[in-house]
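A quick write-up on the structure given underneath.
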Amino acid sequence: MKITRLTTYHAAPRWLFLKVETDEGITGWGEPVIEGRARSVEAAVHELAGYVVGKDPARINDLWQTMYRAGFYRGGAILMSAIAGIDQALWDIKGKALGVPVYELLGGLVRDRMKTYRWVGGDRPGAIIAQINDYRALGFDTFKFNGTEEMKLIDSARAVDAAVVKVAEIRETFGNSIDFGIDFHGRVGAPMAKALLRELEPFKPLFVEEPVLAEQAEYYPRLAASTCIPLAAGERMFSRFEFKNVLCAGGIGMVQPDLSHAGGITECVKIAAMAEAYDVGFAPHCPLGPIALAACLHVDFVSHNAVLQEQSIGIHYNEGADLLDYVINKEDFHCVDGSIAALPKPGLGVEINEDMLKRANENPPDWRNPVWRHADGSIAEW
């Protein structure tokens, strides 16, 4: 079997899909995308096509290493996202060719169902309690929301109190009947992160995500030493080499690589295993589309330290399409009590409605994240 062609499709709300075709008629799908940089990743995918077209798709490890090492310059968000989408499609092809789900190729199941959580609120968190009530009625008991709006490097007691009041209200309303993670989203500098963590501790969040930017990872051990809240990070780390440094330094209780950003299935299986060796949980980042979610689930199902899976149904970014709109076999992704069962179909287990995708590609949105500014006019972290 040989790879014959790579085709990309843009689709609402902010996704890029990749179709990899072979001379035996078996097709694989991937989702290579950086939110807000889809066209940059698309260009990288087609540059990398020269390394894979004409090659045997079953040699996934060799193709991965070739895409990564054949160029003198390597790594980073764009290239690793391009590799990720191609890698996902290669695993999809191999599973379909052998008639088994990808998790069987990775050693088989360690669990039957994977617990997921729902996003509530928005970029500037609001209406959280009402949304939690709606989703609890559907069986969900674990949620995540943004912890702050813009926050200056050194900010006021008022800014801290505004963040804490929201969390206090949620815990007061629901007691211990729900769990929630709080996403700082890299908006908080190290000085304020320490203050916020101290004030949030009484409300027992499940985790705090991106307490500081990945560029400030040296603060993770110091922040962890100041709080009992588990710290999570990883959506803006793109290879096992970046995770190696963080795991060696300590401080993170849960790693969150993105299967569409951090080299795909091949790389993230290694990251999960590295984290397990450090007694660190694995909870892939995935506010993306159905192929990315399927890839995450296959790694979750073979990783003993997988604890939670993000998924984007109803997330505030999904304008114009929701998670399963381009999926034919929606029933396989049905959540029961907040969990998704092992995907039964061969490959990644997601059947894409290509006709619908082609129509979406005719006039897709060119999504960009908001640009925020502080009151003094300086740019703020989004």
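Using the three backbone atoms N, Cα and C, a Cβ is placed for every residue, glycine included.
Quick caveat, the model's predicted, so the values are computed rather than measured.
Glu209 is the residue from Glu201, Glu209, Glu215 that Swiss-Prot records in the Mg(2+) site together with Asp183, Glu235. Taking each of the recorded positions Asp183, Glu209, Glu235, Asp258, Glu310 in turn and counting other Cβ atoms within 10 Å of its Cβ gives the largest count for Asp258. Look at the active-site residues His185, His285 and count other Cβ atoms within 10 Å of each Cβ; His185 has the fewest.
A Cα-Cα distance of 14 Å separates Asp258 (site 'Increases basicity of active site His') from His185 (active site, proton donor).
On the backbone, the CA of His185 (active site, proton donor) and the CA of His285 (active site, proton acceptor) stand 12 Å apart. In this structure the C-alpha atoms belonging to Glu209 (Mg(2+) binding site) and His285 (active site, proton acceptor) are separated by 10 Å. DSSP classifies His285 (active site, proton acceptor) as strand under the three-state reduction.
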